[in-house]
Structure formats: structure tokens, C-alpha cells
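Engineer: Sending over a structure as C-alpha cells; questions will come in a sec.
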Amino acid sequence: MRHAHPVETVRAAEAELMARLPEGALMQRAAAGLAATCARLLGRVYGSRVTVLVGSGDNGGDALYAGAALARRGARVTAVLLAPGKAHAGGLAALRAARGRVTAEQEVGLADFSCADLVLDGIVGIGGRGGLRPGAVPYAEARRRGVVVAVDLPSGVDADTGEVPGVALRADVTVCFGTYKPGLLIDPGASYAGAVQLVDIGLTLPQPELTALQHADVAALLPLPGAESDKYRRGVVGVAAGSATYPGAALLAVAGALRGGAGAVRYVGAAAEEVVRRFPETLVTEGGPAGAGRVQAWVVGPGGGEGARQALAEALASDVPVLVDADGLTELGRIGPSALAGRTAPTLLTPHTGEAARLLAGADGGAPAAADDLAARRLATARRLAAAYRATVLLKGSTTVIADPGGAVRVNPTGTSWLATAGSGDVLAGLAGSLLAAGLPPLDAASVAAYLHGLAGREAAGAPGAPVTALAVAEALPAVWRAVRQA
Ligand SMILES: NC(=O)C1=CN([C@@H]2O[C@H](COP(=O)(O)OP(=O)(O)OC[C@H]3O[C@@H](n4cnc5c(N)ncnc54)[C@H](O)[C@@H]3O)[C@@H](O)[C@H]2O)[C@@H](O)CC1
Ligand SMILES: Nc1ncnc2c1ncn2[C@@H]1O[C@H](COP(=O)(O)OP(=O)(O)O)[C@@H](O)[C@H]1O
Ligand SMILES: [K+]
């Protein structure tokens, strides 16, 4: 499990550790880890060209000490001071002592930047506010031939949210200290970070609110049949999806549900004939969720069309977990959070940002939000929805973020934009519903589903990648289950 902590928590842990260590020791640890990664990336340090972009804080200090370490090993290092007079004094002295060059001239800095084998971005770290300041913007736009290594965080990315309020410097590798910052895991910030490496500097940190699953975590959560299992004990997932206009959504949700670990899939809706023809293992019931037989969790809404309102009302009236997607979310947005007020079992909402905008419009009375703005503030959006509806929210898109109303957040690391294809969300809904029916709590069901769905998207796209269909994503699920269990 990867853990991320907000700046306030990191600072408190740093202060506590610094009080027990000789002055500067923590920065030396950070710089040593940073220099080791740079040396690995360079392969041959001696004779290589390294440019260090230096801002006014300790982030620049880390970069300067790492630059000094590389200079001592024979690299030709130039420090470019973006805030001359404010650069970290100790780091600057160390670089000079190692015979590094120092300049404050932008023209020289830009020329150096463009021909360096490696650039260290020490402009700003967790102390940053807003995007890059004007003096640093040309570096984000300049030609580059070497690898750019961000120190702790790509400059211009908000550490706590992943928001990029202005221009940011894109990195190939980010070396972060002590813990991941949320901004390294959540887009758009995550897309600036490249490959992220964590350097342990000995911080003692509390349980994180924000986590990202890895293979071993998912493997431990997957519902597996035991010797005494039967289909009911494994869980029956009810799928209320599809309509005369959108029968395909029913097929795709059922396809996802069949590969999610429940013992059986029960379908209700207008596409029963198509569903049984394609998936004869599906149980089909006439009418809506209210009259269906035993079900441990409902999936309502994919392609639900005009039937979504009634199906939603019936599913929400049940005492089992309900996943609401697509047309179900549109109906829910019309009513607002009061629709969930009487529920005794958990509810999981799976909006994309357009649906999130509609849900918010029906929720907390705030100003109407555009989907693009919500996408730029993914963490805040998922949290706001979870709080307003008192439900678990899986916000889909470039980084899928899952927020529990209690405050816990999971970020999915496996996504791929090949999944941006019609119907792949229906597969995800069926898959997550199946995991709910198998007994996983909503945060786990949603984050395991997003994880497997992302891997299945990659598996279906192959390497170097080709367009995928939603059904191919569903069909790739058994292979990714195996891959996760084998890891
Ligand atoms: N405190 C410590 O002992 C440690 C700190 N570490 C490093 O220190 C960093 C935090 O250092 P600081 O608290 O000094 O903060 P930063 O170095 O991240 O930035 C603060 C400085 O940047 C300026 N600034 C803010 N926003 C800016 C922007 N958008 N563009 C340009 N300048 C901007 C501020 O005026 C301030 O002078 C971490 O990210 C990490 O790299 C590590 O060395 C680990 C140990
Ligand atoms: N840019 C992207 N990068 C990664 N995943 C994406 C991107 N855009 C969409 N996705 C994923 O693709 C799926 C699309 O779901 P959705 O928007 O509901 O489509 P549909 O309604 O057609 O099924 C979601 O799992 C979402 O997270
Ligand atoms: K930085």
C-alpha cells in the first residue's frame, strides 16, 4: 500500500524528527537519496552535465546538496538561482566547495537547461503556492534533452491536491521524501511527476487518510471461494441496467459482474433476452429490483434510460448495498441527498465528472460547477460528494479517486486513457457491484474494482497499445485476477 500525507502532517513529522537530530541532518538524508537516484539515472556521473534549478527554500537546499555530491563525483554542475540572494546558504556553499558553477542569468540558465544530461528541479517543494512564477515559466516551455528530476514534487503542482493552478515543470522522475504527497498520485499533478521514487528519511507518520493499493493489497482483498462455498454464500449481485434504447449497457454491466467474484448475477430490466442469449449463466427476473429474489448488492443505472427512476427507487428501498451509476446518478441528482437518507446499507456512487456536476447541483447548494473544473480538483470533488450524499464516491477519469464519507480516500494507480471508450464504465459498475455482493465494504469494493478495471484496460490494449472495446476489458478481467494473485 502506498501512503500519502498532506503537507501539514509532513511538517509536523519533520519538526519532531529534526528536534532529535543534529541540525541539517534531515536535509543531508534527503540530498543523499536524491543524489543516489541521479547517479543511477546518469549511469556515468563523471563528465556528465547537470543543471540545478534553485528556488528560495529548502527544496533548493536539497537540490544544491545533491548537485554538490554529483560535482564531487566529477559531474559538471551548474546551479541556476531563480531567487538570487535567497538560495539556501549551506547548499550553495557546498556546491561552490565542490567546484560547481553558479549563475543567476536566465539566458545562461536556459541554455544550460536545454543541453544538460540531467536537470534537478529544486524550484519549490511542499512550500509552494500557485503555479510557477514568471521567471521560472520559460523552463517549463524550453527544449530539453536530458532527464528532469523533480525534488520532492514537480514545481507548480499543489502538494495536497494535485491541482496545477498555473504552469508546472514536467518531470521524468520525482524523488519524494518521507511519504508520497497526494499531489503525486492525483491528476493533473500526477501526470507531471513521471516515475515517483520514495526516499525514507526516517519520519514517523500517522495512519494516512489517502492510500493507493498495490498488487499485494488487492490480492488480499479479492473474494475467493472456500471449500464450503455455494453461489449464495459467494454473493448474488443484482443488475438493473439497460433499456430498449441502450440494451448494450446491460450486457456490459453483466459482463463485468460475472467476472467480479460474486456467485451469481441476477438481471432485471428491458434487455433480458439479449442478456441471456449472450450470458446464459445469468439469472433473469421479471419486474424491478423490488420483486427480484435474493440479492446481496444492487447495481442500478447503466443505460437505464426511462426505467432508471423506478429501478433506483426500488433498489434504494432495499437493505443491501447499492451502486448507482449513469442514468441512476442523473435521477439521484434530481432528488438530491435526501434520496439516501433512510438507507441502512451503504451506497456507492460512480460518477464521471459530468455526472458529478449534476449530483452537486442537486446537493449542497453551491455554485454550479463545470465538469472540467471538477476534473481539475478531483480530490476535493470526490470528498465534497461523499460528504454531501454520505455515500462512498468513485469519481472516474484520468485518476480515479474513491472517497468514503468517513474521510478515507483511495487513489487508483492502474488507470489508462484507453479506458475512455464507450461502455467501459458499465463494466466497472458491474465489477464493483459484484465485489460489493461478495461482501467487500464499499471503499474496498470500489478501489479493487478500479484497480482491476485499469489493469484489464492495459491488458486489453496491449503494448505499445491499441484501441480497446469495453467487452474486451471485461474479458481481460480473469487474466488480471491471476496476475494480481501471482505477484
Ligand atoms: N524541513 C526539512 O528538514 C526538510 C525539508 N525538505 C525539503 O524542503 C522542502 C520544503 O522547504 P520549504 O518549506 O523551505 O519550502 P519550499 O522550498 O518548497 O518553498 C518555499 C519557498 O518558495 C517560495 N515560493 C512559494 N511558492 C512559490 C512559487 N510558486 N514559485 C516560486 N517560489 C515560490 C516561498 O516564498 C518560499 O521562499 C521540501 O519540499 C523538501 O524538498 C527535505 O530536505 C527533507 C527535510
Ligand atoms: N483519461 C482517462 N484516463 C484513464 N481512465 C479514463 C479516462 N477517461 C475515462 N477513463 C475511465 O474510463 C471509464 C469510462 O467510464 P464512463 O465515463 O462511465 O463511460 P461509459 O458511460 O461510456 O461507460 C471509467 O472507468 C473512467 O475512469
Ligand atoms: K521541486
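Note: Cβ is positioned from N, Cα and C throughout, glycine not excepted.
Sharing the feature lines straight out of TrEMBL:
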BINDING   58-62, 125-131, ASP152, ALA249, GLY303, HIS352, ASP426  (6S)-NADPHX binding site
BINDING   ASN59, ASP121, SER155  K(+) binding site
BINDING   LYS396, GLY397, SER398, THR399, THR400, GLY425  AMP binding site
DOMAIN    10-209  domain 'YjeF N-terminal'
DOMAIN    214-484  domain 'YjeF C-terminal'
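Walk me through where these features lie, including what they touch and how far apart they are.
Structural biologist: Taking Cβ-Cβ distances under 8 Å and a sequence gap of 6 or more within the same chain, the neighbours of ASP58 ((6S)-NADPHX binding site) are MET27, HIS88, GLY125, GLY127.
Under the DSSP three-state reduction, SER155 (K(+) binding site) is assigned to coil, being neither helix nor strand.
Less than 8 angstroms from the CB of THR400 (AMP binding site) sit LEU394, VAL411, ASN412, GLY415, ALA450, GLY454, each of them six or more residues away in the same chain.
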Engineer: Could you please provide the mean pLDDT value for the domain 'YjeF C-terminal' (214-484)?
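Structural biologist: The average pLDDT of the model in the domain 'YjeF C-terminal' (214-484) works out to 96.
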Engineer: Given the binding-site residues ASP121, ILE126, ARG129, SER155, HIS352, which lie within 10 A of GLY397 (AMP binding site) by CA-CA distance?
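Structural biologist: So the list reads HIS352.
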Engineer: Within 10 Å of GLY425 (AMP binding site) (Cα-Cα), which of the binding-site residues ASN59, GLY61, ASP121, ILE126, ASP152, SER155?
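Structural biologist: Candidates kept after distance check: none.
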Engineer: Measuring Cα to Cα, how many Å separate ASN59 (K(+) binding site) from ARG129 ((6S)-NADPHX binding site)?
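Structural biologist: Their Cα atoms are separated by 13 Å.
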Engineer: Any same-chain residues 6+ apart from GLY61 ((6S)-NADPHX binding site) with CB under 8 Å of its CB? Would you list them in sequence order, or say none?
Structural biologist: MET27, ALA31, HIS88, GLY90, GLY91, GLY122
Engineer: Which three-state DSSP class does ASP121 (K(+) binding site) fall into?
Structural biologist: strand
